[in-house]
């Protein structure tokens, strides 16, 4: 099939603008919203491998882990209450992201970020003071409400503030913050687990207050995006803000396009109903399938339960937490690679390369665990080289995810929506992400118990499916202004049947279609 590319700016109609220090600092502060999500992912897996935490809240798991060392290693953490502790957060995030859509649209991106930080802070305090499982789960639900608001608003904020040529790199700052949050949580778990008296888990859970305060204070000092100002009728302020963030005086063309997009969006009474229109079929499909596939890479299984997983394959508790720190470092480093390459190599290249890398690693890990644990889950003494091989391939797998599906799973959906459906569509994206995170977290330990090493084969199968989807159905969005994105659907071999010129008039803005690199399959 002929590759068709989109050459943006082949004419003199490119939006002028620079990557200013002001916009860089603004995006760095906003991206810190990812810290709360990352910290929680890292902390929840770590505390559930701490004996003092299990003994207090999940005694049946603690007994299963210690009293019968010959038990099936695949099943030692299989507990409905334990999975409810982990996964209740994601159900709460799903619900709050739907509310966040209205807040983000009517009151701006900043207020959603503030709500996210305050709710997360409240949840962290309750968790740190928890006396019983009920308090733990109430705290987790508040954490989830905070994550729903932050994950809905931060990617939108970053995509709207960034100059289109650097949108990919600045938006991935959100994913970089998630990975840094995971790494910090893993390091803290390692040291807090050593505290005598067995109360280190309280520090781990209470430490979530710090990233919550960062995003709360950050949201108060951040400027609004020009898109959000125009959406709320503050056009003069929006013009001045656009000049400031682009670093040039000549912003008329971009400003007029933003105003035109806002005028179109105001004609839409109900963005949720509007999402179902035929012309938005490509956007809705991507908003649902990208986060669905992102969760079925199996990454959250690795990151939530890395300490548990490493403990299961023969590491001691300390060594398991240390191995999780190693994977956390790999995660951060690989995300930096994505920041460097996303606006150079394009989204599709990173998606496809990461898919191949993850598939190979999952096949090797499945074979390695299957060879030693078999179906009984009772390994003999595990040699050191075996453990090193498993950790090595898990690290290569994490790297593959961290420069592909990790950051791009948040970037691509946030940059493809027209303004009139942007808040609602981003809520769909976050809701689907959280729903499948919830499902995977809820069933993973039971799946591990019953499917054993076949669980990795299960996820490898979906990596193949998602790579085929990207190859055939995802257009390249590199270097395309956010208000011009409708043009990519009109020229795509499949999606053009849903999108016509009358749906999104080109308005002669200089988006030139032609053959070129980095196009569609």
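Glycine too: its Cβ is placed from the backbone N, Cα and C atoms.
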Can you dig out which of the ranges 385-406, 495-516 TrEMBL describes as transmembrane segment?
-> 385-406
TrEMBL lists transmembrane segment for one of the ranges 50-73, 170-193; which is that range?
-> 170-193
Matching 255-276, 453-474 to TrEMBL annotations, transmembrane segment lands on 453-474
Note: vs the transmembrane segment (199-222), the recorded stretch with the largest number of Cβ pairs under 8 Å from 19-39, 320-342, 349-373, 427-447 is 19-39
Outside the transmembrane segment (170-193), six or more residues from its ends: residues with CB under 8 Å to it = 23-24, 27-28, 30-43, 46-47, 50, 154-155, 158-159, 161-162, 200-201, 203-204, 207, 211, 303, 306-307, 317-318, 321-322, 324-325, 327-329, 331-332, 335-336, 338-339, 342, 402, 406-407, 410-411, 414-415
Grab the pLDDT values for the domain 'Major facilitator superfamily (MFS) profile' (26-478) and give me their mean, rounded.
-> 86
Residues of the same chain, at least six outside the transmembrane segment (427-447), with any C-beta under 8 angstroms of its C-beta?
-> 77-79, 82-84, 86-87, 90-91, 93-94, 97-98, 100-101, 144, 147-148, 151-152, 275, 284, 287-288, 290-292, 294-296, 300-301, 304-305, 409, 413-414, 455, 458
Of the listed stretches (19-39, 111-130, 349-373, 385-406, 453-474), which one yields the highest count of Cβ-Cβ distances below 8 Å with the transmembrane segment (320-342)?
-> 385-406
